[in-house]
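Take a look at the structure set out below.
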Amino acid sequence: MPPIEPLKAGKNAVGVKAPHTMTERLLILLSRYREASIAVVAIVLVIYFQVGSDGGFLSPQFMSVVLRDTGRLGLIAAAEVMLMITGEIDLSLSAIFSIAPYVMALMSVTWGVPLAVGAVIGVLIGVLVGAINGIITVRFRVPSLITTVGMLFFLQGIVVSIYNSQPIVAPVEQPFNAIFGQSLYQPSDALLSWHGVTAFTPFLWTVLIVLALALALNRTTFGLHTIATGSNIIGAREIGVRADRMKIYNFMIAGGCAAFAGIINTAQFTSADPQAGSPFLTLQAIAAAVIGGTSLLGGSGTVIGALIGAFVVASLNNGLVMIGAQATVSDIYLGAAIIAAMILSIQVDRLRTRRRL
Amino acid sequence: MNTQTIPPLAADAPVVLEMSNISKSFGAVTALVDVSIKLRRGEVLALVGDNGAGKSTLIKILSGFHQPDTGTIVSQGKEVRFASPRDARAQGIETVYQDLALIGDLSVFHNMFLGREYHKRILGLNLLDNRKMREQAQIYLDTLGISIPSVNSTVDLLSGGQRQCIAVARSIYSSPKILVLDEPLAALGVRESAHVLGLIQNLRQQRQVSVILIVHNYNQIFEVCDRINFLHSGEVALDASTADTSEEELIRIVKSGLGRKAIDAAAAEVRPGIV
């Protein structure tokens, strides 16, 4: 504490006490627990599909499909959330999603490199690409939208030119495949069997990483500085936050997450498709992030919300087909949901700041 | 704003800062010509002047953003050179800029401790000690007599005056020798200004931190400062003690024309301050 004699608190108090009204409390609650409102949406959706499919939606077999998609989308969505909080975005994640497992499979097939080693190298490639994206964005002041679109085409071009767009069949290695990307749950599986449990590992990895990111965001200096960077970059710099570094670190995290998601995907299909990650995957992930309560304005966001948002998107994609709708119908709902979520998010923010004294 | 009487500055209060003969040009534009200011411990000094008078340049030199072309800065008795804002901060000079550098999306207590967070180890992880920061922030704001709805509320929910107070409190937390406030009343209403003036008065009563206030208009801050320096066209046109000069006299002097000679002549009529 500084060497200042304490004054009698209250006597010379400056500032006024603001009463908390009900509306104010509700708005603060809504903005603080954005995850809660999207969780309600997810539950309603589950009930709707469960009833509509005569109980088929919540079967382990169907859930392993929904949760596989949730895991893939959620990991990329959470990575985008971290970037969106710093005020940036990465559209090259789908290309990283393709190139990392492709390199892993290629090394395994040509040099006999174990998949585990290849996976580590793949993730490192993702981190490196993220670092390059970050450095170009921060040092050369190229908007990240442009940097990463450039990177998207660049990487996509590389990965398809290696083998003329041919997929590589990745060798199945146990326990690598079981732990990182087990095949889907079969009707013959028992829920507590080895295969029955590991069918959900891709989703569990995502849960684990999302929880780690949530902890980093809300309980560490790293998270605090990430939020500060996106909320007020000039102010953050004046206080001594290394804002440029925070952005680069989050690009690296995003690249690593996308690479890991791609590796899980390849382990599941035992095949590395150079076009596994279409740019549509990144857009769906951004949709999941926005539906989950993260705005593109920077300064706030929730990775847990992104995971629930990913579940909503995956449920829509699969559930509508299950209850007999055309596969393309889900895009109509998705499009409407993105716009509605964004309007809600901005309105809550606006109301909230207007309520201030 | 409190009304208690402020004890006069001790006659033997040591000089904490002396900027002598500072000149600075930006290309063809001369921003400062041979400016000297002196600040004693616990003193509140107001730098007054119109746009382009050189206040901002002087302050940016003091806080290490600009380097002077000529002139010296003596801080706590030894000559210093600030290559960057970090150097100035290391010498105990904290500056609160007009933008306040507060993070709207973070809570008051996170803002207070941004860049110097408290941590605790849980399962080998270095996590934020939010409880400690919350408690410390509350105690500290109480000490300074600043009252806000809650240290948990995010800064974008606070009023302009409250934000200014939080920014000042954050700067004082690092125990600076000198606190520079850049236009602390800009864009604040009457009641809001009163909060900030009350805080400055609280600091002045304790006579621990020296304060430099940069303002457009001295009539708002006349009661909270010990000395007023007028800057005009890059020169100190007048250095007057508020104890010896009335507000009306100052107005007359300023209105009599802002050239140095005119001011000197007018000032001789009143009583020149300590130049």
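Every residue, even glycine, has its Cβ placed from backbone N, Cα and C.
Caution: TrEMBL annotation is automatic and unverified by curators.
Taken from TrEMBL, the feature transmembrane segment applies to A:36-52, A:73-99, A:111-132, A:144-163, A:192-217, A:248-267, A:279-297, A:304-326, A:332-348.
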Among A:36-52, A:304-326, A:332-348, point out the range having the most Cβ pairs under 8 angstroms from the transmembrane segment (A:192-217).
A:304-326
Please determine whether the transmembrane segment (A:111-132) and the transmembrane segment (A:332-348) are in contact (criterion: at least three Cβ-Cβ distances under 8 Å, sequence separation 6 or more).
no
Tally Cβ pairs under 8 Å between the transmembrane segment (A:279-297) and each listed stretch (A:36-52, A:144-163, A:248-267, A:304-326, A:332-348), then give the stretch with the top tally.
A:304-326
Folded-back contacts onto the transmembrane segment (A:332-348), same chain, C-beta under 8 angstroms, at least six residues removed:
27, 30-31, 34, 38, 284, 287, 290-297, 312-313, 316-317, 320
Quick test of the contact rule: Cβ under 8 Å, at least six residues beyond the ends. What residues does that give for the transmembrane segment (A:304-326)?
34-35, 38-39, 41-42, 45-46, 48-49, 52-53, 56-57, 62, 65-67, 69-71, 73-74, 77-78, 80-81, 206-207, 210, 214, 284-285, 287-294, 333-334, 337
What stretch in A:36-52, A:144-163, A:248-267 has the biggest tally of Cβ pairs under 8 Å against the transmembrane segment (A:73-99)?
A:248-267
Who are the chain neighbours of the transmembrane segment (A:36-52) in space, where the CB to CB distance is under 8 Å and they lie at least 6 residues beyond its ends?
30, 58, 291-293, 305, 308-309, 311-312, 315-316, 319, 322-323, 341
By a Cβ-Cβ criterion of under 8 Å, what residues six or more beyond either terminus of the transmembrane segment (A:144-163) are in contact with it?
83, 88-96, 98-99, 102, 106, 129, 132-133, 136-137, 251, 274-275, 279
Cβ contacts under 8 Å made by the transmembrane segment (A:248-267) with residues that lie 6+ beyond its boundaries
71-72, 75-76, 78-80, 82-83, 85-86, 88, 90, 93-94, 96-102, 104-105, 115, 119, 122-123, 125-131, 133-135, 137-138, 144, 170, 176-177, 180-181, 202, 205-206, 209, 213, 222, 226, 273, 276-277
